[in-house]
Amino acid sequence: MAIERTFSIIKPNAVAKNVIGSIFARFESAGFKIIGTKMLHLTVEQARGFYAEHEGKPFFDGLVEFMTSGPIVVSVLESENAVQRHRDLLGATNPANALAGTLRADYADSFTENGTHGSDSVESANREIAYFFGEGEICPRTR
């Protein structure tokens, strides 16, 4: 199976809970290599651009408001079958449906404030990674 990259966001509510290290530890325990990461505070323009595919949907404005309410941590993760494995670790988007032991079951507050984001396909991962990271900011780990 080929090595893939996926994109992850630790959202403002999870950052505010001070669980960044716990989430990173779970990524690494699950076999992911963290090959790029940074903390930033999204502007409204950045959030609207990142979530452009949802513009016009009823939840869009609330999502932008939430994602700009505090710092986030964006990361590039690498492993075999990274996209699906990361989504499995995150759990269902709606935390009410998330299995026990998933990140959203443990750290989400609501459907919108669900603690984490993960790419839904390799194509999305490539686009999302490029939105936040230049090639020089990603450090493949060979050891």
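The backbone N, Cα and C atoms fix where each Cβ goes, glycine too.
Residues annotated as ATP binding site in Swiss-Prot: K11, F59, R87, T93, R104, N114. Under DSSP, N114 (ATP binding site) is assigned to coil, being neither helix nor strand in the three-state scheme.
According to Swiss-Prot, the active site, pros-phosphohistidine intermediate annotation covers H117, on the basis of sequence analysis. In sequence order, F7, S8, I9, K11, L90 are the residues near H117 (active site, pros-phosphohistidine intermediate), counting only same-chain partners six or more apart with C-beta under 8 A.
Listed in sequence order, L90, G91, A92, T93, P95, A98, N114, G115, T116 are the same-chain residues at least 6 apart in sequence whose CB falls under 8 Å from the CB of R104 (ATP binding site). Max Cα-Cα distance over the annotated ATP binders (K11, F59, R87, T93, R104, N114) is 21 Å. In the three-state DSSP assignment, the secondary structure recorded for K11 (ATP binding site) is coil.
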